[in-house]
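Everything on this sheet refers to the single structure shown next.
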Amino acid sequence: MKAITLLGSTGSIGTQTLDIVAQYPDQFRIVGLAAGRSLDKLIPQIRQFRPQIVALADEQQLDDLKAAIADLDPQPILVAGPAGVCEVAAYGDAKTVVTGIVGCAGLLPTIAAIKAGKDIALANKETLIAGGPVVLPLVEQYGVKLLPADSEHSAIFQCLQGVPAGGLRRILLTASGGAFRDWPVDKLGQVTIADALKHPNWSMGQKITVDSATLMNKGLEVIEAHYLFGLDYDHIEIIIHPQSIIHSLIEVQDTSVLAQLGWPDMRLPVLYAMSWPERIATDWPRLDLLKAGDLTFKEPDHAKYPCMKLAYAVGRAGGAMPAVLNAANEQAVALFLAERIAFLDIPRLIEQTCDRFSSKNCAEPSLEDILAADQWARQEVLLASQN
């Protein structure tokens, strides 16, 4: 039985992870849970999974949480705030920490888990995008495993099993095209929040669904793939695959192409990251290629999706620039979801912020440099959105 700690337990990845634990109680047990502020979801999770320790990022609700579970025996340790989330990440005998926290808020807890010797099931891509120059050396220093738990990078990781070192030539990241794949470019000025949140294939949280609509999600995944698999940006490509059946592909040195296929279900990559190197038998719906039908591909429209080109440029710039891109995107998407900017303002504000930072970029940023760049970018987007 593998001991698991889950960060971001009340979000989309978190709830699906707990579905897996509930379905396979002989395979996994929960050591710790960390959540943001959703007590209505967290309290039933605590009662069902009986973690040893629980963190609530929103410190103001800690007393309410204590009162709600006062009848439990034994009582879990309750901690709060960002420091509490880091404490949970490093706690106890958990073998693997599933990082389902959205955004750069997952960076410090992931580092805490690595330093405590935990393997990381990485569903929080922002940790690598913003913190790659710091996180990767720590992974090597502490001898832990970094296992991708999002569909595309899990697909690449699975395809690479058995490929010798140096055998990888090219990565092909598939993208559904998001909510606006069939919209003309000139209609994007009329986009509403409801429009942006209608993902055609996947059930995900709001932020990542908007990222899919701008294709920034795929741009961020290009940077993540660079850090995870070591390929340069000229050998990482994006292709539109509307059916989301092929989750990504690799080309090896002899030009053979390997792909991983499955229904669009986030539980699959999460389960593989939790159970690797084992394969757990499930009763989930099996892929029927006749039912799936035609599998089609096309080149992404760069006029419709300017965030892709921007992400490639930022990735090549390196240093702290990816942290700026990520933070600017997080802030711009939050403003859009709060109805304070329009959809087309998202790429405009991100590009402006990255341009302003380019002269400040440093090639080998420290953790402090990355966190400072993150805060600077958020403030820049806020200020620019008011003009």
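Keep in mind that glycine also has a Cβ here, set from the backbone N, Cα and C atoms.
According to Swiss-Prot, the residue from Gly178, Gly189, Gly205 that belongs to the NADPH site alongside Thr10, Gly11, Ser12, Ile13, Gly36, Arg37, Asn124, Glu126 is Gly205. Of the residues Glu87, Glu140, Glu221, Swiss-Prot puts just one in the Mn(2+) site with Asp150, Glu152: Glu221. Within 10 Å of its Cβ, the residue among the binding-site residues Thr10, Asn124, Asn217 with the fewest other Cβ atoms is Thr10. For the binding-site residues listed here (Lys125, His199), the lowest count of other CB atoms within 10 A around the CB belongs to His199.
Cα of Glu221 (1-deoxy-D-xylulose 5-phosphate binding site) to Cα of Ser12 (NADPH binding site): a distance of 18 Å.
Ranked by Cβ neighbours within 10 A across all protein chains shown, the binding-site residues Glu152, Glu221 are led by Glu221. Sparsest Cβ environment among the binding-site residues Gly36, Gly205 (other Cβ atoms counted within 10 Å): Gly205. Taking Cβ-Cβ distances under 8 Å and a sequence separation of 6 or more, the neighbours of Asp150 (Mn(2+) binding site) in its chain are Leu122, Ala123, Lys125, Glu221, Met266, Pro269.
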